[in-house]
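Encoded as C-alpha coordinates, the structure appears first; notes follow it.
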Amino acid sequence: MCGIVGAVAQRDVAEILLEGLKRLEYRGYDSAGVAIIHEGELKRTRRLGKVQELATALDESPLPGGTGIAHTRWATHGEPSERNAHPHISCGDIAVVHNGIIENHAKLREQLTALGYEFASDTDTEVICHLVHHELKSHDTLLAAVQATVKQLEGAYGTVVIDRRDPERLVVARSGSPLVIGYGLGEHFVASDQLALLPVTRTFAYLEEGDVAEVTRREVNIFDIDGNPVTREKKESEITHDAGDKGEYRHYMLKEIYEQPMALARTLEGRIANQQVLDTAFGDNAAEFLKDIKHVQIIACGTSYHAGMAARYWLEEWAGVSCNVEIASEFRYRKSHMFPNSLLVTISQSGETADTLAALRLAKEMGYKSTLTICNAPGSSLVRESDMAYMMKAGAEIGVASTKAFTVQLAGLLMLTAVLGRYNSMSDEMQKAISQSLQSMPAKVEQALGLDDAIAALAEDFADKNHALFLGRGDQYPIAMEGALKLKEISYIHAEAYASGELKHGPLALIDADMPVIVVAPNNELLEKLKSNVEEVRARGGLMYVFADKDAEFESDDTMKVIPVPHCDEFMAPLIYTIPLQLLSYHVALIKGTDVDQPRNLAKSVTVE
Ligand code: HGA
(Lines of atoms letter the chains of each structure in order from A and count residues from 1; the text may use other names and numbers.)
(Lines give C-alpha, C1' and ligand atoms only; values in the text may rest on other atoms or scores of the structure.)
Protein backbone atom coordinates (compact mmCIF):
# COMPACT_ATOMS: atom_id res chain seq x y z
CA MET A 1 0.00 0.00 0.00
CA CYS A 2 1.32 3.42 -0.98
CA GLY A 3 4.96 4.33 -0.90
CA ILE A 4 7.45 6.61 0.79
CA VAL A 5 10.93 7.53 -0.41
CA GLY A 6 13.27 10.09 1.12
CA ALA A 7 16.88 11.08 0.50
CA VAL A 8 19.55 13.36 1.90
CA ALA A 9 22.57 13.65 -0.36
CA GLN A 10 25.06 16.03 -1.89
CA ARG A 11 23.70 15.37 -5.37
CA ASP A 12 20.22 16.22 -6.68
CA VAL A 13 17.79 13.60 -5.45
CA ALA A 14 14.69 14.08 -7.64
CA GLU A 15 15.64 11.20 -9.97
CA ILE A 16 16.34 8.87 -7.03
CA LEU A 17 12.99 9.72 -5.46
CA LEU A 18 11.13 9.21 -8.74
CA GLU A 19 12.83 5.89 -9.46
CA GLY A 20 11.95 4.79 -5.90
CA LEU A 21 8.30 5.71 -6.44
CA LYS A 22 8.26 3.80 -9.74
CA ARG A 23 9.53 0.73 -7.97
CA LEU A 24 6.69 0.97 -5.46
CA GLU A 25 4.01 1.60 -8.09
CA TYR A 26 2.91 -2.01 -8.04
CA ARG A 27 1.45 -1.48 -4.59
CA GLY A 28 -1.40 0.57 -5.98
CA TYR A 29 -1.93 4.31 -5.50
CA ASP A 30 -3.97 7.20 -6.83
CA SER A 31 -1.60 10.18 -6.81
CA ALA A 32 2.06 11.02 -6.31
CA GLY A 33 4.17 13.92 -5.14
CA VAL A 34 7.61 15.12 -4.22
CA ALA A 35 9.01 17.97 -2.09
CA ILE A 36 12.64 19.06 -2.21
CA ILE A 37 14.57 21.71 -0.31
CA HIS A 38 16.56 23.98 -2.60
CA GLU A 39 18.40 27.12 -1.49
CA GLY A 40 16.42 27.28 1.73
CA GLU A 41 13.03 26.95 0.02
CA LEU A 42 10.60 24.04 -0.11
CA LYS A 43 9.54 23.18 -3.65
CA ARG A 44 6.73 20.74 -4.26
CA THR A 45 5.16 19.03 -7.27
CA ARG A 46 2.13 16.73 -7.01
CA ARG A 47 -0.02 14.99 -9.59
CA LEU A 48 -3.21 12.97 -9.57
CA GLY A 49 -2.70 9.66 -11.39
CA LYS A 50 0.44 7.79 -12.33
CA VAL A 51 4.03 8.48 -11.29
CA GLN A 52 4.66 9.08 -14.99
CA GLU A 53 2.51 12.24 -14.76
CA LEU A 54 4.74 13.43 -11.94
CA ALA A 55 7.85 12.51 -13.94
CA THR A 56 6.60 14.54 -16.92
CA ALA A 57 5.88 17.51 -14.67
CA LEU A 58 9.39 17.28 -13.22
CA ASP A 59 10.88 17.06 -16.71
CA GLU A 60 9.16 20.30 -17.60
CA SER A 61 10.01 21.97 -14.32
CA PRO A 62 12.92 20.21 -12.61
CA LEU A 63 13.33 20.39 -8.83
CA PRO A 64 17.01 20.57 -7.91
CA GLY A 65 18.19 19.91 -4.36
CA GLY A 66 19.76 17.22 -2.20
CA THR A 67 17.14 16.74 0.51
CA GLY A 68 13.70 15.52 -0.45
CA ILE A 69 10.74 13.29 0.22
CA ALA A 70 8.27 11.62 -2.12
CA HIS A 71 5.07 9.62 -1.85
CA THR A 72 2.53 7.58 -3.72
CA ARG A 73 -0.82 7.93 -1.99
CA TRP A 74 -3.63 5.44 -1.66
CA ALA A 75 -6.37 7.63 -0.24
CA THR A 76 -7.97 6.74 3.06
CA HIS A 77 -9.12 10.23 4.17
CA GLY A 78 -10.09 12.69 1.45
CA GLU A 79 -10.68 11.89 -2.23
CA PRO A 80 -7.81 11.13 -4.57
CA SER A 81 -6.85 14.58 -5.90
CA GLU A 82 -3.83 16.81 -6.32
CA ARG A 83 -4.65 18.87 -3.23
CA ASN A 84 -4.87 15.74 -1.09
CA ALA A 85 -1.68 14.21 -2.52
CA HIS A 86 1.38 14.17 -0.26
CA PRO A 87 3.75 15.80 0.66
CA HIS A 88 1.73 18.18 2.80
CA ILE A 89 3.29 21.46 3.83
CA SER A 90 2.87 23.67 6.89
CA CYS A 91 3.50 27.40 6.59
CA GLY A 92 6.01 26.89 3.78
CA ASP A 93 8.46 25.35 6.28
CA ILE A 94 7.63 21.74 7.09
CA ALA A 95 6.86 19.01 4.55
CA VAL A 96 5.53 15.59 5.47
CA VAL A 97 4.76 12.28 3.78
CA HIS A 98 2.79 9.66 5.66
CA ASN A 99 1.55 6.12 5.26
CA GLY A 100 -1.22 4.98 7.58
CA ILE A 101 -4.16 6.58 9.32
CA ILE A 102 -4.22 9.17 12.10
CA GLU A 103 -7.34 8.16 14.01
CA ASN A 104 -7.59 11.26 16.19
CA HIS A 105 -7.14 13.63 13.23
CA ALA A 106 -10.48 15.37 13.73
CA LYS A 107 -9.67 16.45 17.27
CA LEU A 108 -6.15 17.52 16.31
CA ARG A 109 -7.49 19.45 13.33
CA GLU A 110 -9.82 21.36 15.63
CA GLN A 111 -7.01 22.20 18.05
CA LEU A 112 -4.66 23.28 15.27
CA THR A 113 -7.34 25.38 13.59
CA ALA A 114 -7.90 27.13 16.92
CA LEU A 115 -4.17 27.84 16.97
CA GLY A 116 -4.51 29.53 13.58
CA TYR A 117 -3.32 26.79 11.20
CA GLU A 118 -5.10 26.67 7.87
CA PHE A 119 -5.74 23.30 6.31
CA ALA A 120 -5.23 22.90 2.59
CA SER A 121 -6.38 19.29 2.23
CA ASP A 122 -9.00 16.86 3.54
CA THR A 123 -6.42 14.34 4.70
CA ASP A 124 -5.71 13.09 8.18
CA THR A 125 -1.99 13.45 7.34
CA GLU A 126 -2.01 17.23 7.26
CA VAL A 127 -2.34 17.39 11.05
CA ILE A 128 1.16 15.91 11.30
CA CYS A 129 2.91 18.75 9.49
CA HIS A 130 1.06 21.50 11.35
CA LEU A 131 1.72 19.74 14.66
CA VAL A 132 5.44 19.50 13.91
CA HIS A 133 5.43 23.17 12.92
CA HIS A 134 3.68 24.05 16.16
CA GLU A 135 5.98 21.90 18.30
CA LEU A 136 9.02 23.56 16.76
CA LYS A 137 7.97 26.73 18.54
CA SER A 138 8.79 25.07 21.85
CA HIS A 139 11.46 22.56 20.80
CA ASP A 140 14.96 23.29 19.52
CA THR A 141 15.33 20.52 17.00
CA LEU A 142 13.22 18.85 14.33
CA LEU A 143 13.87 15.55 16.07
CA ALA A 144 12.46 16.82 19.37
CA ALA A 145 9.46 18.35 17.60
CA VAL A 146 8.68 15.09 15.81
CA GLN A 147 9.08 13.13 19.05
CA ALA A 148 6.63 15.49 20.72
CA THR A 149 4.28 15.20 17.75
CA VAL A 150 4.11 11.43 17.57
CA LYS A 151 3.18 11.30 21.26
CA GLN A 152 -0.06 13.03 20.29
CA LEU A 153 -0.89 10.77 17.35
CA GLU A 154 -3.29 7.85 17.64
CA GLY A 155 -3.37 5.35 14.81
CA ALA A 156 -0.72 4.13 12.42
CA TYR A 157 2.06 6.00 10.73
CA GLY A 158 5.24 5.69 8.81
CA THR A 159 6.21 9.30 8.27
CA VAL A 160 9.12 11.40 7.01
CA VAL A 161 9.46 15.09 7.85
CA ILE A 162 11.73 17.81 6.47
CA ASP A 163 12.21 21.44 7.49
CA ARG A 164 13.47 24.02 4.98
CA ARG A 165 15.26 25.85 7.81
CA ASP A 166 17.29 22.73 8.64
CA PRO A 167 17.91 21.58 5.08
CA GLU A 168 20.20 18.60 5.55
CA ARG A 169 18.03 16.43 7.75
CA LEU A 170 15.18 13.93 7.47
CA VAL A 171 13.30 12.89 10.57
CA VAL A 172 11.39 9.64 10.30
CA ALA A 173 8.98 7.88 12.66
CA ARG A 174 7.41 4.48 12.54
CA SER A 175 4.41 3.03 14.30
CA GLY A 176 2.32 0.51 12.42
CA SER A 177 3.66 1.26 8.94
CA PRO A 178 7.08 -0.04 7.90
CA LEU A 179 10.09 2.19 7.24
CA VAL A 180 13.60 1.20 6.29
CA ILE A 181 16.79 3.24 6.28
CA GLY A 182 19.17 2.78 3.36
CA TYR A 183 22.86 3.47 3.96
CA GLY A 184 24.93 5.01 1.18
CA LEU A 185 28.35 6.65 0.98
CA GLY A 186 27.99 10.18 2.29
CA GLU A 187 24.26 9.96 1.63
CA HIS A 188 21.31 8.24 3.27
CA PHE A 189 17.85 7.21 2.21
CA VAL A 190 14.56 6.11 3.71
CA ALA A 191 11.66 4.20 2.20
CA SER A 192 8.62 2.17 3.07
CA ASP A 193 10.17 -0.82 1.28
CA GLN A 194 13.79 -1.59 0.44
CA LEU A 195 12.78 -2.35 -3.18
CA ALA A 196 12.53 1.40 -3.70
CA LEU A 197 16.19 1.95 -2.85
CA LEU A 198 17.95 -0.96 -4.53
CA PRO A 199 19.47 1.24 -7.27
CA VAL A 200 21.28 3.34 -4.62
CA THR A 201 22.11 0.95 -1.78
CA ARG A 202 21.91 -2.64 -0.61
CA THR A 203 22.49 -1.95 3.09
CA PHE A 204 19.36 -1.51 5.17
CA ALA A 205 18.13 -1.26 8.74
CA TYR A 206 14.43 -1.57 9.53
CA LEU A 207 13.01 0.75 12.15
CA GLU A 208 11.05 -0.92 14.93
CA GLU A 209 7.68 0.07 16.30
CA GLY A 210 7.85 3.43 18.06
CA ASP A 211 11.27 4.34 16.64
CA VAL A 212 12.08 7.90 15.59
CA ALA A 213 15.29 8.57 13.68
CA GLU A 214 17.17 11.57 12.38
CA VAL A 215 19.00 11.02 9.16
CA THR A 216 21.66 13.32 7.74
CA ARG A 217 24.20 12.75 4.97
CA ARG A 218 26.78 11.51 7.48
CA GLU A 219 24.74 10.10 10.36
CA VAL A 220 21.73 8.05 11.27
CA ASN A 221 20.61 8.34 14.90
CA ILE A 222 17.77 6.09 15.99
CA PHE A 223 15.73 6.45 19.19
CA ASP A 224 13.21 4.00 20.61
CA ILE A 225 9.72 4.77 21.82
CA ASP A 226 11.09 6.12 25.12
CA GLY A 227 13.62 8.35 23.40
CA ASN A 228 16.65 6.17 24.23
CA PRO A 229 19.34 5.91 21.53
CA VAL A 230 19.27 2.43 19.98
CA THR A 231 20.97 0.59 17.15
CA ARG A 232 18.99 -1.41 14.65
CA GLU A 233 20.78 -4.18 12.87
CA LYS A 234 22.07 -3.33 9.40
CA LYS A 235 21.60 -6.06 6.82
CA GLU A 236 22.63 -6.54 3.23
CA SER A 237 19.57 -6.99 1.02
CA GLU A 238 18.96 -10.58 -0.01
CA ILE A 239 17.00 -9.62 -3.09
CA THR A 240 19.07 -11.06 -5.89
CA HIS A 241 17.00 -10.34 -8.95
CA ASP A 242 15.57 -7.08 -10.05
CA ALA A 243 11.90 -7.37 -9.26
CA GLY A 244 11.28 -4.30 -11.36
CA ASP A 245 11.73 -6.26 -14.57
CA LYS A 246 8.79 -7.89 -16.39
CA GLY A 247 11.12 -9.66 -18.81
CA GLU A 248 9.35 -11.18 -21.80
CA TYR A 249 5.95 -11.07 -20.08
CA ARG A 250 3.20 -8.61 -20.81
CA HIS A 251 2.28 -8.29 -17.13
CA TYR A 252 3.89 -9.01 -13.78
CA MET A 253 0.91 -11.20 -12.96
CA LEU A 254 1.58 -13.48 -15.91
CA LYS A 255 5.28 -13.56 -15.07
CA GLU A 256 4.46 -14.51 -11.51
CA ILE A 257 2.01 -17.21 -12.61
CA TYR A 258 4.79 -18.70 -14.73
CA GLU A 259 7.34 -18.36 -11.92
CA GLN A 260 5.39 -20.77 -9.74
CA PRO A 261 7.40 -23.92 -10.52
CA MET A 262 10.60 -22.03 -9.64
CA ALA A 263 9.09 -20.43 -6.53
CA LEU A 264 7.88 -23.82 -5.31
CA ALA A 265 11.27 -25.41 -5.96
CA ARG A 266 12.89 -22.62 -3.94
CA THR A 267 10.48 -22.91 -1.04
CA LEU A 268 11.13 -26.68 -0.82
CA GLU A 269 14.91 -26.35 -0.93
CA GLY A 270 16.58 -27.76 2.18
CA ARG A 271 13.29 -28.44 3.90
CA ILE A 272 12.76 -32.12 3.10
CA ALA A 273 15.19 -34.90 3.96
CA ASN A 274 14.76 -38.66 4.21
CA GLN A 275 11.24 -38.26 2.89
CA GLN A 276 10.23 -36.13 5.84
CA VAL A 277 9.53 -32.43 6.16
CA LEU A 278 12.09 -30.97 8.56
CA ASP A 279 10.97 -29.00 11.61
CA THR A 280 13.63 -26.45 10.76
CA ALA A 281 11.51 -25.32 7.80
CA PHE A 282 9.82 -23.18 10.47
CA GLY A 283 13.01 -21.90 12.10
CA ASP A 284 15.85 -23.25 14.19
CA ASN A 285 13.92 -23.84 17.40
CA ALA A 286 10.67 -24.86 15.77
CA ALA A 287 10.60 -28.40 17.27
CA GLU A 288 10.40 -26.89 20.75
CA PHE A 289 7.45 -24.70 19.76
CA LEU A 290 5.56 -27.30 17.72
CA LYS A 291 5.81 -30.55 19.60
CA ASP A 292 2.91 -30.09 22.04
CA ILE A 293 0.52 -28.30 19.73
CA LYS A 294 -3.05 -29.66 19.70
CA HIS A 295 -4.89 -26.77 18.12
CA VAL A 296 -4.10 -24.32 15.35
CA GLN A 297 -5.67 -20.89 14.94
CA ILE A 298 -4.98 -19.42 11.53
CA ILE A 299 -5.34 -15.67 10.94
CA ALA A 300 -5.07 -13.99 7.56
CA CYS A 301 -6.75 -11.68 5.05
CA GLY A 302 -7.76 -12.04 1.38
CA THR A 303 -5.85 -14.61 -0.63
CA SER A 304 -3.82 -15.68 2.42
CA TYR A 305 -7.09 -16.41 4.21
CA HIS A 306 -8.03 -18.81 1.42
CA ALA A 307 -4.71 -20.63 1.85
CA GLY A 308 -5.51 -20.93 5.56
CA MET A 309 -9.00 -22.25 4.76
CA ALA A 310 -7.50 -25.04 2.64
CA ALA A 311 -5.02 -25.91 5.39
CA ARG A 312 -7.86 -26.39 7.88
CA TYR A 313 -9.03 -29.43 5.92
CA TRP A 314 -5.51 -30.88 5.96
CA LEU A 315 -4.63 -30.16 9.59
CA GLU A 316 -7.83 -31.69 10.90
CA GLU A 317 -7.94 -34.69 8.56
CA TRP A 318 -4.28 -35.60 8.22
CA ALA A 319 -2.42 -34.02 11.15
CA GLY A 320 -5.08 -34.80 13.75
CA VAL A 321 -5.10 -31.32 15.30
CA SER A 322 -8.15 -29.08 15.46
CA CYS A 323 -8.02 -25.87 13.48
CA ASN A 324 -9.94 -22.62 13.16
CA VAL A 325 -9.38 -20.03 10.48
CA GLU A 326 -10.46 -16.43 10.80
CA ILE A 327 -10.15 -13.16 8.95
CA ALA A 328 -7.74 -10.93 10.87
CA SER A 329 -10.00 -7.87 10.98
CA GLU A 330 -12.69 -9.97 12.69
CA PHE A 331 -10.41 -11.81 15.08
CA ARG A 332 -8.76 -8.68 16.38
CA TYR A 333 -12.01 -7.02 17.41
CA ARG A 334 -13.89 -9.86 19.05
CA LYS A 335 -13.47 -11.90 22.19
CA SER A 336 -12.40 -15.35 21.08
CA HIS A 337 -11.81 -18.51 23.01
CA MET A 338 -8.31 -19.93 23.13
CA PHE A 339 -7.89 -23.69 23.29
CA PRO A 340 -5.04 -25.17 25.36
CA ASN A 341 -1.77 -25.81 23.52
CA SER A 342 -2.73 -23.54 20.67
CA LEU A 343 -0.45 -22.39 17.89
CA LEU A 344 -1.31 -19.10 16.21
CA VAL A 345 -0.42 -19.03 12.51
CA THR A 346 -0.48 -15.76 10.59
CA ILE A 347 -0.21 -15.76 6.82
CA SER A 348 0.83 -12.64 4.91
CA GLN A 349 2.83 -12.09 1.76
CA SER A 350 4.20 -8.74 2.93
CA GLY A 351 4.47 -9.43 6.65
CA GLU A 352 3.06 -5.94 7.22
CA THR A 353 -0.67 -6.51 6.83
CA ALA A 354 -2.02 -4.19 9.52
CA ASP A 355 -4.96 -6.32 10.68
CA THR A 356 -2.91 -9.52 10.76
CA LEU A 357 -0.16 -7.84 12.74
CA ALA A 358 -2.70 -6.51 15.25
CA ALA A 359 -4.20 -10.01 15.54
CA LEU A 360 -0.75 -11.47 16.26
CA ARG A 361 -0.17 -8.92 19.00
CA LEU A 362 -3.57 -9.69 20.50
CA ALA A 363 -2.88 -13.44 20.40
CA LYS A 364 0.39 -12.91 22.25
CA GLU A 365 -1.46 -11.01 24.95
CA MET A 366 -3.99 -13.83 25.12
CA GLY A 367 -1.19 -16.28 25.84
CA TYR A 368 -1.04 -18.49 22.76
CA LYS A 369 1.55 -21.19 23.32
CA SER A 370 3.47 -20.22 20.24
CA THR A 371 3.21 -18.13 17.09
CA LEU A 372 4.26 -18.83 13.53
CA THR A 373 4.10 -16.63 10.48
CA ILE A 374 4.08 -17.78 6.87
CA CYS A 375 5.58 -14.81 5.14
CA ASN A 376 7.45 -13.71 2.04
CA ALA A 377 9.26 -10.68 3.44
CA PRO A 378 12.38 -11.22 5.57
CA GLY A 379 12.70 -8.65 8.33
CA SER A 380 9.03 -7.72 8.20
CA SER A 381 7.04 -7.02 11.35
CA LEU A 382 5.27 -10.38 11.38
CA VAL A 383 8.58 -12.22 11.04
CA ARG A 384 10.20 -10.20 13.79
CA GLU A 385 7.32 -10.50 16.21
CA SER A 386 6.54 -14.22 15.79
CA ASP A 387 8.26 -17.13 17.57
CA MET A 388 8.72 -18.94 14.28
CA ALA A 389 8.72 -17.99 10.63
CA TYR A 390 8.24 -20.02 7.50
CA MET A 391 10.03 -17.86 4.96
CA MET A 392 8.25 -18.42 1.68
CA LYS A 393 11.13 -17.48 -0.65
CA ALA A 394 8.64 -16.91 -3.45
CA GLY A 395 10.58 -13.89 -4.71
CA ALA A 396 9.10 -10.40 -4.93
CA GLU A 397 5.46 -10.44 -5.99
CA ILE A 398 4.62 -7.26 -7.87
CA GLY A 399 1.14 -7.94 -9.31
CA VAL A 400 -1.48 -6.74 -6.84
CA ALA A 401 -3.47 -9.94 -7.40
CA SER A 402 -1.51 -12.59 -5.56
CA THR A 403 -0.60 -15.75 -7.48
CA LYS A 404 2.75 -17.35 -6.66
CA ALA A 405 2.51 -16.25 -3.03
CA PHE A 406 -0.73 -18.22 -2.72
CA THR A 407 0.61 -21.49 -4.08
CA VAL A 408 3.79 -21.18 -2.03
CA GLN A 409 1.67 -20.53 1.07
CA LEU A 410 -0.23 -23.73 0.30
CA ALA A 411 3.06 -25.63 0.06
CA GLY A 412 4.21 -24.16 3.40
CA LEU A 413 0.93 -25.09 5.06
CA LEU A 414 1.17 -28.62 3.72
CA MET A 415 4.63 -28.84 5.29
CA LEU A 416 3.17 -27.60 8.56
CA THR A 417 0.54 -30.33 8.29
CA ALA A 418 3.27 -32.95 7.89
CA VAL A 419 5.30 -31.67 10.84
CA LEU A 420 2.34 -31.31 13.21
CA GLY A 421 1.10 -34.67 11.97
CA ARG A 422 4.36 -36.26 13.01
CA TYR A 423 3.87 -34.96 16.57
CA ASN A 424 0.29 -36.25 16.55
CA SER A 425 -1.33 -39.07 14.62
CA MET A 426 0.15 -39.12 11.11
CA SER A 427 1.56 -42.40 9.84
CA ASP A 428 5.07 -42.64 8.37
CA GLU A 429 3.52 -43.60 5.03
CA MET A 430 1.48 -40.44 4.92
CA GLN A 431 4.47 -38.27 5.87
CA LYS A 432 6.39 -39.91 3.06
CA ALA A 433 3.52 -39.42 0.62
CA ILE A 434 3.27 -35.74 1.52
CA SER A 435 6.98 -35.14 1.03
CA GLN A 436 6.89 -36.94 -2.32
CA SER A 437 3.90 -34.87 -3.33
CA LEU A 438 5.64 -31.65 -2.31
CA GLN A 439 8.70 -32.58 -4.33
CA SER A 440 6.72 -33.28 -7.46
CA MET A 441 4.75 -30.02 -7.24
CA PRO A 442 7.05 -27.86 -9.39
CA ALA A 443 6.87 -30.31 -12.32
CA LYS A 444 3.12 -30.76 -11.97
CA VAL A 445 2.53 -27.00 -11.91
CA GLU A 446 4.63 -26.75 -15.07
CA GLN A 447 2.25 -29.25 -16.66
CA ALA A 448 -0.80 -27.32 -15.46
CA LEU A 449 0.63 -24.16 -17.06
CA GLY A 450 0.33 -26.04 -20.35
CA LEU A 451 -3.42 -25.31 -20.13
CA ASP A 452 -2.76 -21.65 -20.90
CA ASP A 453 -3.86 -21.69 -24.56
CA ALA A 454 -6.98 -23.74 -23.89
CA ILE A 455 -7.99 -21.32 -21.15
CA ALA A 456 -7.24 -18.24 -23.25
CA ALA A 457 -9.71 -19.63 -25.80
CA LEU A 458 -12.44 -19.81 -23.11
CA ALA A 459 -11.94 -16.29 -21.82
CA GLU A 460 -13.97 -14.67 -24.61
CA ASP A 461 -17.12 -16.33 -23.18
CA PHE A 462 -16.75 -14.24 -20.02
CA ALA A 463 -16.12 -10.86 -21.59
CA ASP A 464 -19.77 -9.77 -21.60
CA LYS A 465 -20.75 -11.42 -18.32
CA ASN A 466 -21.36 -9.46 -15.15
CA HIS A 467 -21.45 -12.35 -12.68
CA ALA A 468 -19.86 -15.76 -12.20
CA LEU A 469 -20.20 -18.53 -9.67
CA PHE A 470 -17.34 -20.79 -8.55
CA LEU A 471 -18.05 -24.18 -7.00
CA GLY A 472 -15.86 -26.64 -5.13
CA ARG A 473 -16.16 -29.15 -2.32
CA GLY A 474 -13.81 -30.00 0.56
CA ASP A 475 -10.37 -28.43 0.23
CA GLN A 476 -11.34 -27.27 -3.27
CA TYR A 477 -13.94 -24.93 -1.79
CA PRO A 478 -11.23 -22.43 -0.71
CA ILE A 479 -9.71 -22.83 -4.18
CA ALA A 480 -13.07 -21.85 -5.68
CA MET A 481 -13.05 -18.84 -3.29
CA GLU A 482 -9.60 -17.86 -4.47
CA GLY A 483 -10.68 -18.29 -8.12
CA ALA A 484 -13.64 -15.97 -7.52
CA LEU A 485 -11.45 -13.41 -5.76
CA LYS A 486 -8.95 -13.38 -8.66
CA LEU A 487 -11.71 -12.83 -11.21
CA LYS A 488 -13.21 -10.00 -9.13
CA GLU A 489 -9.89 -8.31 -8.47
CA ILE A 490 -8.61 -8.01 -11.99
CA SER A 491 -11.61 -8.27 -14.33
CA TYR A 492 -14.15 -6.48 -12.08
CA ILE A 493 -16.69 -9.24 -12.77
CA HIS A 494 -18.75 -9.98 -9.70
CA ALA A 495 -17.87 -13.52 -8.67
CA GLU A 496 -18.83 -15.63 -5.71
CA ALA A 497 -17.76 -19.03 -4.50
CA TYR A 498 -19.92 -21.63 -2.86
CA ALA A 499 -19.27 -24.99 -1.37
CA SER A 500 -21.28 -26.87 -3.98
CA GLY A 501 -23.48 -28.56 -1.35
CA GLU A 502 -24.79 -25.09 -0.54
CA LEU A 503 -26.17 -24.46 -4.02
CA LYS A 504 -29.69 -25.56 -3.28
CA HIS A 505 -29.80 -23.37 -0.18
CA GLY A 506 -29.96 -20.19 -2.19
CA PRO A 507 -27.57 -19.52 -5.06
CA LEU A 508 -29.36 -21.93 -7.40
CA ALA A 509 -31.94 -19.16 -7.78
CA LEU A 510 -29.32 -17.13 -9.68
CA ILE A 511 -28.57 -19.73 -12.32
CA ASP A 512 -29.32 -18.85 -15.93
CA ALA A 513 -27.36 -18.67 -19.17
CA ASP A 514 -25.83 -15.30 -18.16
CA MET A 515 -24.23 -16.68 -15.02
CA PRO A 516 -21.30 -18.90 -15.92
CA VAL A 517 -20.56 -21.53 -13.31
CA ILE A 518 -16.95 -22.62 -12.84
CA VAL A 519 -16.44 -25.97 -11.16
CA VAL A 520 -13.21 -27.44 -9.77
CA ALA A 521 -13.50 -31.19 -9.87
CA PRO A 522 -10.50 -33.32 -9.01
CA ASN A 523 -11.09 -37.04 -8.85
CA ASN A 524 -11.61 -37.39 -5.11
CA GLU A 525 -14.12 -39.02 -2.80
CA LEU A 526 -16.48 -36.05 -3.17
CA LEU A 527 -16.68 -36.42 -6.95
CA GLU A 528 -20.04 -38.17 -7.06
CA LYS A 529 -21.58 -35.53 -4.79
CA LEU A 530 -20.10 -32.81 -6.99
CA LYS A 531 -21.57 -34.47 -10.09
CA SER A 532 -25.03 -34.24 -8.54
CA ASN A 533 -24.47 -30.52 -7.97
CA VAL A 534 -23.41 -30.15 -11.59
CA GLU A 535 -26.67 -31.79 -12.67
CA GLU A 536 -28.59 -29.33 -10.49
CA VAL A 537 -27.02 -26.47 -12.41
CA ARG A 538 -27.55 -28.13 -15.79
CA ALA A 539 -31.25 -28.72 -15.05
CA ARG A 540 -31.66 -24.96 -14.58
CA GLY A 541 -30.08 -23.98 -17.90
CA GLY A 542 -26.73 -22.93 -16.42
CA LEU A 543 -23.52 -22.84 -18.46
CA MET A 544 -20.64 -24.67 -16.83
CA TYR A 545 -16.87 -24.68 -17.13
CA VAL A 546 -15.56 -27.76 -15.38
CA PHE A 547 -11.88 -28.13 -14.52
CA ALA A 548 -11.67 -31.86 -14.04
CA ASP A 549 -9.34 -34.78 -13.71
CA LYS A 550 -9.54 -36.88 -16.87
CA ASP A 551 -10.64 -39.88 -14.79
CA ALA A 552 -13.55 -37.88 -13.41
CA GLU A 553 -15.40 -38.68 -16.65
CA PHE A 554 -17.02 -35.35 -17.40
CA GLU A 555 -17.85 -34.83 -21.07
CA SER A 556 -18.19 -31.51 -22.87
CA ASP A 557 -21.61 -30.78 -24.38
CA ASP A 558 -23.83 -27.77 -25.11
CA THR A 559 -24.10 -26.76 -21.48
CA MET A 560 -20.70 -27.80 -20.23
CA LYS A 561 -17.11 -27.18 -21.28
CA VAL A 562 -14.70 -29.59 -19.68
CA ILE A 563 -11.06 -28.58 -19.30
CA PRO A 564 -8.93 -31.60 -18.41
CA VAL A 565 -6.43 -30.87 -15.63
CA PRO A 566 -3.30 -33.05 -15.26
CA HIS A 567 -3.86 -35.95 -12.91
CA CYS A 568 -2.48 -35.25 -9.43
CA ASP A 569 -2.58 -36.68 -5.91
CA GLU A 570 -4.87 -35.41 -3.18
CA PHE A 571 -2.13 -33.48 -1.34
CA MET A 572 -1.32 -31.21 -4.24
CA ALA A 573 -4.74 -31.06 -5.90
CA PRO A 574 -5.79 -27.68 -4.41
CA LEU A 575 -2.53 -26.14 -5.56
CA ILE A 576 -2.76 -27.61 -9.06
CA TYR A 577 -6.40 -26.56 -9.60
CA THR A 578 -5.46 -23.02 -8.60
CA ILE A 579 -3.33 -22.64 -11.74
CA PRO A 580 -6.11 -22.78 -14.37
CA LEU A 581 -8.25 -20.41 -12.30
CA GLN A 582 -5.38 -17.88 -12.17
CA LEU A 583 -4.96 -18.17 -15.94
CA LEU A 584 -8.69 -17.80 -16.51
CA SER A 585 -8.92 -14.54 -14.55
CA TYR A 586 -5.80 -13.23 -16.30
CA HIS A 587 -7.16 -13.88 -19.80
CA VAL A 588 -10.60 -12.49 -18.98
CA ALA A 589 -8.95 -9.32 -17.64
CA LEU A 590 -6.89 -9.03 -20.84
CA ILE A 591 -10.04 -9.15 -22.95
CA LYS A 592 -11.77 -6.63 -20.70
CA GLY A 593 -8.73 -4.36 -20.95
CA THR A 594 -8.36 -3.70 -17.23
CA ASP A 595 -5.16 -2.70 -15.48
CA VAL A 596 -4.07 -6.25 -14.67
CA ASP A 597 -1.14 -5.47 -12.38
CA GLN A 598 -2.68 -2.51 -10.60
CA PRO A 599 -6.43 -3.08 -10.53
CA ARG A 600 -8.53 -0.07 -9.59
CA ASN A 601 -8.99 0.78 -5.91
CA LEU A 602 -6.65 -1.95 -4.68
CA ALA A 603 -3.24 -1.88 -3.05
CA LYS A 604 -0.66 -4.62 -2.70
CA SER A 605 0.32 -4.70 0.91
CA VAL A 606 -2.48 -3.46 3.09
CA THR A 607 -0.71 -1.57 5.83
CA VAL A 608 -3.79 0.30 7.01
CA GLU A 609 -6.65 -1.38 8.84
N1 HGA B 1 -4.31 8.56 5.48
C2 HGA B 1 -3.45 9.20 4.53
C3 HGA B 1 -2.36 8.29 4.02
C4 HGA B 1 -2.93 7.04 3.47
C5 HGA B 1 -1.83 6.23 2.90
O6 HGA B 1 -1.20 5.45 3.62
N7 HGA B 1 -1.60 6.52 1.60
O8 HGA B 1 -0.56 6.18 0.88
C9 HGA B 1 -4.23 9.79 3.37
O10 HGA B 1 -5.41 9.43 3.14
O11 HGA B 1 -3.67 10.62 2.68
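Including glycine, each Cβ sits where the backbone N, Cα and C put it.
Residues or ranges marked as active site, nucleophile by TrEMBL: Cys2. The feature domain 'Glutamine amidotransferase type-2' is assigned by TrEMBL to 2-218. Taken from TrEMBL, the feature domain 'SIS' covers 286-426, 458-599. Annotation source TrEMBL lists active site, for Fru-6P isomerization activity at Lys604.
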What is the total of other Cβ atoms whose distance to the Cβ of the residue listed as 'active site, nucleophile' is within 10 Å?
29
Cβ packing number for Lys604 (active site, for Fru-6P isomerization activity), 10 Å threshold:
26
Using DSSP, tally how many residues of the domain 'SIS' (458-599) sit in helix, strand and coil.
68 helix, 30 strand, 44 coil
What average pLDDT is reported by the model for the domain 'Glutamine amidotransferase type-2' (2-218)?
96
Measuring Cα to Cα, tell me the gap between Cys2 (active site, nucleophile) and the residue listed as 'active site, for Fru-6P isomerization activity' in whole angstrom.
8
Kindly report the helix/strand/coil residue split of the domain 'SIS' (286-426) according to DSSP, in that order.
65 helix, 29 strand, 47 coil
